[in-house]
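For reference, the structure is listed below as structure tokens.
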């Protein structure tokens, strides 16, 4: 049974258990999503074979695959990671520091060899969160404050970098006019969100800035109610993103991080009984039941929260900006003046440290007995050193991520931090965040359409499982799964010409007549491969309601350019690339789809074992 000391004057025994079990579930989501994609991506005949990648020593490439460089071992890692993550979620007896250490090592091993298909912010965010969870198991107070600091950096940076990028769509609040259609893999609810009135979408962008920037600051307010209000704001925004886009486990992980500002009392009062039963919280806790419920104070705090929200949105995002298409009434220089000056950063960083010092010294030392005072002092000093080191390192990446050249570090000098950063970088313990700095697809969503032909005149289209292609189809809701190839093709469409090896390899497979069922949903050349392949770039747009009724199409498109000119299997450049990177040919490879272990059978077995 999980045990935890009280910290921060707020009991977090059950909060700690809930957060750690949810992190275990997110690990399981991430590993299982990888599991089904590994043969197609990393097997000997995959797009980027593990056995043929360039290897470095373990300090630069920290991965268990240094022991056995085969895709089958990578598959085994995903199976073990899925099962351990589910065990951590299913039963509190598996919430141990070594459980999360194993999960972190396994995911780091997977991420390190993922190449183009693992270069996403949520992958490194899961690694950083997972490492902090090891500390959270050992010392809840340090782990909680590191998670709070991570949640702040994630949300605050994500809001700030959008403004610092000086992208017009963010500054005139029209980003959502393009986002729902231009995001990586929109689904059917994305189409409906796109149909919302323009003024409402502008208000949503304004609210997004308020929630990300000010909601993150609320995490460090002295008043408990304001910290909880910050969580509620982030929770509502993340649910909105989940409902309108396919962002795998990212938003689920973001919600769990924001939960760190809650406490046992909030869970006891407001969480559903099923969740409380799941974490073995007693139905009655006398200490919580006896707390005075001073409604006048609670209602006054609610009024203050709504008043602050209204005042901030009204002043920073006035009516004229939303209704009349004007830009925001402040500048990038104003942001630097109020948020990024040396004095402002110093005061805030010292406040965060004071926030931590107050809780750890008061609630650790105050409760220490006379016989254990020296031990308590020693433990407290160790916790302070751990927190300051990790806080200072993550502060370095935080300030680098928002574009500051002169790093403000109030305790450890910058040169020492950068020295440590060079050694720890391959482990991704400290990262910077900030999605959608500049809005893509402002003039239309670029989309790559693969086409094959037998004669160079009649061309037939290939369509992929998730990315847009057919005008009358749209991706299903696939959260928490991430189809890595479809995501990467979205990034490839932002380039003018093909430069990614996996894309060239995919073209080669199509021309060579290899099994491509893992990649495409419709192959017009199943019996005989085409003689030619080309890739055209189109601009896709969501239809409006009237167009949908008339045509039944979610999309309309216009041709933009030739991305890859017509190419044949005998093309000299393609053959040169084949020889250099040792592409396997259909003549040496069976077209049968490789079999995998029945993952879901194993998962069900583990869950039954955990509960019974």
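Using N, Cα and C of the backbone, Cβ positions are placed for all residues, glycine too.
Range with TrEMBL annotation transmembrane segment, chosen from 43-60, 97-114, is 97-114.
Of all ranges given (345-365, 408-428, 429-449), TrEMBL attaches the label transmembrane segment to 345-365. Cross-referencing 165-183, 184-202, 203-221 with TrEMBL places the feature transmembrane segment at 203-221. Per TrEMBL, the listed range annotated as transmembrane segment is 299-317 (candidates: 261-279, 280-298, 299-317). Note on TrEMBL: of 120-142, 235-257, the range annotated with the feature transmembrane segment is 120-142. With Cβ pairs under 8 Å as the measure, the transmembrane segment (120-142) is packed most heavily against 97-114, out of 18-38, 97-114, 203-221, 299-317, 377-398.
On the 0 to 100 pLDDT scale, the domain 'Lipase maturation factor 1/2 C-terminal' (429-565) averages 94 in this prediction.
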